[in-house]
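Peer 1: Quick one: the structure is below, and I'll ask about it shortly.
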Amino acid sequence: MLQDEGIRDRVAQLKEEAARQAVTYVEDGMAIGLGTGSTARFMIDALGERVRTEGLRVCGIPTSEASAEQARRLGIPLTDFVNHPILDIAIDGADEVLRGSLGLVKGLGGALLREKIVATAAKRFVVIVDQSKLVDKLGTHAPVPVEVTPWGWERAAKWLGETGARACKPRMTRDGSLFITDNGNMILDCHYPGIDNPDELCQAILAITGVVDHGLFLGMASEVLVAGLDGIERLVP
Ligand code: 5RP
């Protein structure tokens, strides 16, 4: 148990190191995409610290209500796509990073749709992870979350099964109720036995009516900062 806690603390430290490194990329005047999840939370904390101590003038578009609330609390001004249709940088975590191409699985925090919109709006998309997230095949450790409309989700789940998923289950909250995204949709967590052709799978999933988007982020990461026991490695595709 103590050992488990020690590992958890170390992983949290690594996430924080990657997050702090990414925040050094931020310059005065930038518009920033603010990710979601425990690693992104460290990043928003570090950004807030720079705003407070250096008087850094930036603004952010958050990828979830949780990140918006954290940013507001830390005094990071928020903006929108009317004022900033293009962001200078977006910084976010990931659940899996494919070695080589840097394809990602994202969305275990349930924010995949806003995360993808923000990532595609950014000139530079920086991903921050600890080394446990690196994989040789996507789908190895994490399910692919698929955001679907609540009405008719059963049909989408059936067709997702046809794409090779072993199981596609509605995500539930800890208290046993249905998880609903910030956009009012459901998430189906689709478990694949490793994904051989991620591009093909993306197309197959998006072709299903009722699917809003999915957690495969292919060809989007500009770089990945991987925090490991020997320091931070910077990967580029
Ligand atoms: C949320 C995400 C997160 O970036 C992803 O789940 C990684 O989370 P964490 O930094 O907590 O490991 O995609 O939708």
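Numbering starts at 1 and runs along the chain as it is shown here.
From the backbone N, Cα and C atoms, a Cβ is placed for every residue, glycine too.
Because TrEMBL annotations are produced automatically, they should be read as predictions rather than curated entries.
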Peer 1: Record says Thr36, Gly37, Ser38, Thr39, Asp92, Gly93, Ala94, Asp95, Lys106, Gly107, Leu108, Gly109 bind substrate. Source is TrEMBL. Which of Lys123, Lys133 does it list for that same site?
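Peer 2: Only hit among Lys123, Lys133 in TrEMBL's substrate site, alongside Thr36, Gly37, Ser38, Thr39, Asp92, Gly93, Ala94, Asp95, Lys106, Gly107, Leu108, Gly109: Lys133.
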Peer 1: Given that the record lists Thr36, Gly37, Ser38, Thr39, Asp92, Gly93, Ala94, Asp95, Lys106, Gly107, Leu108, Gly109, Lys133 as binding substrate, what is the largest C-alpha to C-alpha distance among them, in Å?
Peer 2: 16
Peer 1: When a 10 Å sphere is centred on the Cβ of Lys106 (substrate binding site), how many other Cβ atoms does it contain?
Peer 2: 29
Peer 1: Whole-number answer please: how many Å between the C-alpha atoms of Leu108 (substrate binding site) and Glu115 (active site, proton acceptor)?
Peer 2: 11
Peer 1: List the same-chain residues at least 6 positions away in sequence whose Cβ sits under 8 Å from the Cβ of Ser38 (substrate binding site), in sequence order, or say none.
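Peer 2: Looking at Cβ-Cβ distances below 8 Å from Ser38 (substrate binding site), excluding near sequence neighbours, one finds Ala12, Lys15, Gly93.
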Peer 1: Expressed to the nearest Å, what is the distance separating Lys133 (substrate binding site) and Glu115 (active site, proton acceptor) at their Cα atoms?
Peer 2: 18
